[in-house]
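What TrEMBL says about this protein:
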- 59-84: compositional bias 'Basic and acidic residues' (COMPBIAS)
- 94-103: compositional bias 'Polar residues' (COMPBIAS)
- 114-151: compositional bias 'Basic and acidic residues' (COMPBIAS)
- 152-186: compositional bias 'Low complexity' (COMPBIAS)
- 194-205: compositional bias 'Low complexity' (COMPBIAS)
- 59-205: region 'Disordered' (REGION)
């Protein structure tokens with residue numbers, strides 16, 4: 001083609017010469033390149049060797065510097081130790097001097113304080129002696145006045161008794177003997193009976209069995225006499241400290257009663273021993289305060305926690321068994337707080353509504369935060385009454401030996417209630433409380449007789465309660481009916497069998 005160099009034949013001499021020359025040039029170029037690489041590698045090795053020599057020199061220099069620094073630090077440390085020893089020695093000397101001086105000052109201050117305490121103690125002893133002498137004089141004066149009043153009261157009582165004995169004799173001599181009143185029939189077939197358990201003749205709206213009225217009167221008289229006995233003691237400033245001591249012991253130990261055998265035993269022993277060391281007016285005052293405190297516990301605790309009736313009752317039964325003159329005071333307080341504990345009931349009449357609520361023991365309380373007073377509702381009243389009734393039933397069913405108001409009193413209570421009181425919600429609440437708490441013990445003691453009494457409740461009391469058509473009475477009707485049909489009286493009530501101790505206290509420990 002035009003413009004293109006002519007190519008040499010492959011096997012021509014010129015082509016062979018060019019190939020040979022090209023090979024020779026390649027060999028020369030390769031040899032030159034290898035020489036350059038060898039010289040470069042040699043240079044790198046020299047540089048690396050120089051670098052290693054420099055590093056070794058630096059390392060040696062640093063090691064020498066470190067040795068010099070360590071030597072210098074050791075010298076400085078030795079100097080500091082020496083200075084520290086000198087300083088400590090000086091401080092010890094100064095401290096010893098100050099300690100000696102402080103000891104002398106403390107001894108002097110102690111002597112002054114001792115002398116001051118001795119002077120103050122002597123002053124207190126003089127003041128205490130004067131105060132005690134004054135109190136003794138006041139107590140002696142009060143005791144003389146109390147003894148004088150007691151003698152006067154005994155004289156009046158003796159005179160009244162003589163006049164009371166003389167009056168019937170004179171009346172009997174002047175009037176013919178009345179005909180013997182026909183005995184009241186026992187009531188419907190199967191009606192429970194107790195000694196003197198028949199209802200007293202109706203007097204107005206009050207319903208109460210004759211024997212219950214006699215018991216209430218006896219307890220009220222004992223309570224009135226006790227309150228008269230301590231009247232001066234309650235108001236006399238000279239024995240204020242003694243009163244507070246009695247009240248403090250009662251409050252503290254009642255608050256510590258809990259539902260274990262261990263705690264009941266401790267509190268029972270504490271009260272029995274404490275009351276045993278008292279006598280005269282202080283002991284009567286202690287009786288009254290203890291009874292009042294128990295009433296408060298019934299309202300505040302038993303009414304909300306029914307099981308608490310059992311440990312509270314066990315402690316009180318222990319007290320009553322050891323100090324039986326306490327029993328009528330306690331019952332008198334219960335009768336004052338709740339007429340159903342007698343038992344008795346006041347019939348409602350619209351024209352006599354105010355007196356009805358007063359006799360039954362309804363209370364007034366503030367309505368909201370308005371300052372306006374309103375009568376408590378029947379629900380609140382019934383809950384409060386339950387507290388007293390559950391406690392009384394727990395006392396009567398107690399197994400403790402020497403119980404002055406034991407299971408026989410529970411039998412008499414139920415008989416009096418069924419014989420004399422109407423079947424309504426309030427009375428049914430009392431019956432329910434007694435059956436719930438004391439029914440198990442009554443069944444153990446009376447057996448078939450108790451079953452007959454329950455049969456009367458089922459056949460007469462519950463139908464009469466239902467006839468009243470009181471919707472609020474349905475709940476208590478159901479409770480009593482369930483109690484009868486499920487024979488709950490065969491099983492101990494919840495809370496009766498107290499545990500030995502509170503296991504949770506050990507768990508917490």
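Quick reminder: no glycine exception, Cβ is built from N, Cα and C everywhere.
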Outside the compositional bias 'Polar residues' (94-103), six or more residues from its ends: residues with CB under 8 Å to it: none
Composition by DSSP (helix, strand, coil) of residues within the compositional bias 'Basic and acidic residues' (59-84): 26 helix, 0 strand, 0 coil
The compositional bias 'Polar residues' (94-103): DSSP-derived helix, strand, coil residue counts: 10 helix, 0 strand, 0 coil
